[in-house]
Amino acid sequence: MKRTNYAGNITEEYLNQTITVKGWVAKRRNLGGLIFIDLRDREGIVQIVVNPETAATEVAEAADKARNEFVLEVTGKVVERASKNDKIKTGGIEIEATAIEILSTSKTTPFEIKDDVEVLDDTRLKYRYLDLRRPEMLKNITMRHATTRSIREYLDGAGFIDVETPFLNKSTPEGARDYLVPSRVNKGEFYALPQSPQLMKQLLMTAGLDRYYQIVKCFRDEDLRGDRQPEFTQVDLETSFLGEEEIQELTEELIAKVMKDVKGIDVTLPFPRMNYDDAMNFYGSDKPDTRFELLLTDLSALAKTVDFKVFQEAEVVKAIVVKGAADKYSRKSIDKLTEQAKQNGAKGLAWVKFEKGEFAGGISKFLAESTDSFVNELKLTDNDLVLFVADSLDVANSALGALRLTIGKQQGLIDFRKFNFLWVIDWPMFEWSDEEERYMSAHHPFTLPTKETQAFLSADGHRKDSDLKKVRAHAYDIVLNGYELGGGSLRINSRDLQEEMLSALGFKLEDANEQFGFLLEALDYGFPPHGGLALGLDRFVMLLAGKDNIREVIAFPKNNKASDPMTQAPSIVADKQLEELSIKLANKDQ
């Protein structure tokens with residue numbers, strides 16, 4: 001029989017009609033001679049009722065055999081439900097079955113198919129096809145679809161052209177580790193899966209497409225966490241002849257449409273702007289969560305007047321004030337905060353409580369003579385807790401920024417109903433890497449430096465590392481609730497400037513030509529001013545769905561070991577396959 005509608009869509013409009021629905025048994029109950037079956041599909045649940053005394057024999061037998069997760073086809077008459085269930089859309093009706101066909105049986109599932117189920121993450125991933133049956137997961141996946149549909153509608157209407165770029169690319173440095181793909185035809189050579197379509201989309205601008213977009217898979221071999229996966233999806237944009245503000249305005253309109261279409265929320269435009277230095281100095285993060293205050297305060301000048309060696313020897317002394325919460329933090333809980341500060345690079349965490357007009361605990365004895373000065377500077381009131389980090393500027397910001405987020409959650413300062421969008425602008429072009437022991441591009445090597453600071457890139461033999469700190473970028477990140485939602489920039493469209501940039505990053509001219517020769521050559525052929533942005537689709541949908549891990553909005557994600565418990569990927573391959581690729585494994589037996 002042809003399905004009349006989804007089970008979850010059968011409402012009072014079908015009263016007294018004979019219909020057919022198909023789906024999975026969510027629950028079966030035998031109560032007082034009547035058999036009730038909750039039939040589930042992607043749209044919801046409808047109640048089926050069978051009276052074995054009046055139903056046809058084959059209907060009663062099928063209802064008696066049915067068990068959870070059996071797949072049924074049910075035909076019957078829609079009648080008004082005596083005991084209504086206002087919690088579901090179909091709660092006003094039920095279907096009196098006149099025919100039931102068992103389309104498929106099911107073993108007992110390894111976990112219940114319901115939302116609030118306690119099960120190990122790897123078990124969920126091993127049986128992901130079952131996990132996706134849960135209403136919450138179905139909702140997440142359909143929300144993802146609604147998001148991409150809204151994005152495409154906006155970009156198509158704004159004159160963007162959807163272009164596919166290649167997955168088999170050249171491996172280039174200046175990023176995370178690549179996933180490499182060996183070439184059988186070109187023995188000993190490798191493709192790299194793209195970390196982004198960055199260079200290809202720039203080439204599309206010199207090709208004259210003017211406005212490009214793509215919702216595209218990208219790949220990065222990096223350490224995983226809740227908002228990272230080895231393969232992820234981004235909304236990739238590039239435009240010609242637009243400035244920073246125009247690209248930002250276009251992005252805001254795109255996001256506003258998604259918020260309205262998917263969440264029914266009207267967001268206020270334009271989004272606030274905050275320069276990078278303010279984000280770091282006041283929030284301790286380049287992706288500040290602005291849903292709550294708890295700002296960082298620089299106390300360096302005042303702190304160095306105190307007879308406390310730790311303060312006097314530090315580059316900076318910064319603090320956060322936890323208002324009215326001193327009595328909520330025991331020494332043990334402060335010790336936990338200290339450990340977190342150390343994990344973020346700090347040597348330690350100093351603290352005091354302000355109680356009844358005096359400092360108590362922690363380093364209070366060192367501040368006794370300067371109590372009024374600190375009270376005035378920090379605007380302290382009774383029962384405040386003050387946390388200090390004395391260190392380099394970067395470490396103080398990073399450590400207190402992390403504590404700020406922890407305390408915000410502990411104290412219930414965050415309004416989780418809010419969606420606070422923010423642009424972080426005026427970025428430095430370079431950032432120091434302790435691991436590489438050199439300056440690296442804060443975004444990527446193709447970002448356009450500001451005219452005012454381009455001179456510091458000069459490779460005339462006099463450039464110092466310290467000069468690179470002064471170079472600023474036409475770069476902008478969009479932040480949502482403390483997550484980097486996306487990042488973009490204006491790009492370099494001059495070969496000379498691009499070569500200067502690569503030189504500043506340590507590339508010799510011959511190395512630059514070997515790695516990026518195709519781009520450098522293209523810059524000789526009338527490259528228009530251009531810029532763009534990439535939004536993390538997985539992260540965006542995660543935040544829209546109110547989740548804290550992007551696995552919840554990806555159909556078939558990897559676990560924290562970059563493995564798939566369901567397919568057992570990655571896996572060992574046959575020796576013959578390796579031979580065809582001219583690959584020999586080192587330490588194969590280890």
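Backbone N, Cα and C atoms are what each Cβ position is placed from, and that goes for glycine too.
Checking Swiss-Prot for region 'Aspartate' across the ranges 54-57, 118-121, 198-201, 390-393 points to 198-201. For the ATP site, Swiss-Prot lists Arg220, Asp221, Glu222, Glu484, Gly536, Leu537, Asp538, Arg539; matching the candidates Gln229, Gln498 against that entry yields Gln229. Secondary structure of the region 'Aspartate' (198-201), assigned with DSSP and counted as helix (H, G, I), strand (E, B) and coil, comes to 4 helix, 0 strand, 0 coil. Maximum C-alpha to C-alpha distance over the listed ATP-binding residues Arg220, Asp221, Glu222, Gln229, Glu484, Gly536, Leu537, Asp538, Arg539 is 19 Å. Taking Cβ-Cβ distances under 8 Å and a sequence gap of 6 or more within the same chain, the neighbours of Arg539 (ATP binding site) are Asp227, Tyr483, Glu484, Leu485, Ile550.
In three-state terms derived from DSSP, Glu222 (ATP binding site) belongs to neither a helical nor a strand segment and is classed as coil. Secondary structure at His443 (L-aspartate binding site), taken from DSSP and collapsed to helix, strand or coil, is coil. Annotation for His443 (L-aspartate binding site): same-chain Cβ neighbours under 8 Å, separated by at least 6 residues, are Trp427, Ala473, Ala475, Gly487, Ser489. The number of other CB atoms found within 10 A of the CB of Glu484 (ATP binding site), across every protein chain shown, is 17. Shown are the binding-site residues Arg220, Arg491; of these, the residue with the fewest other Cβ atoms within 10 Å is Arg220.
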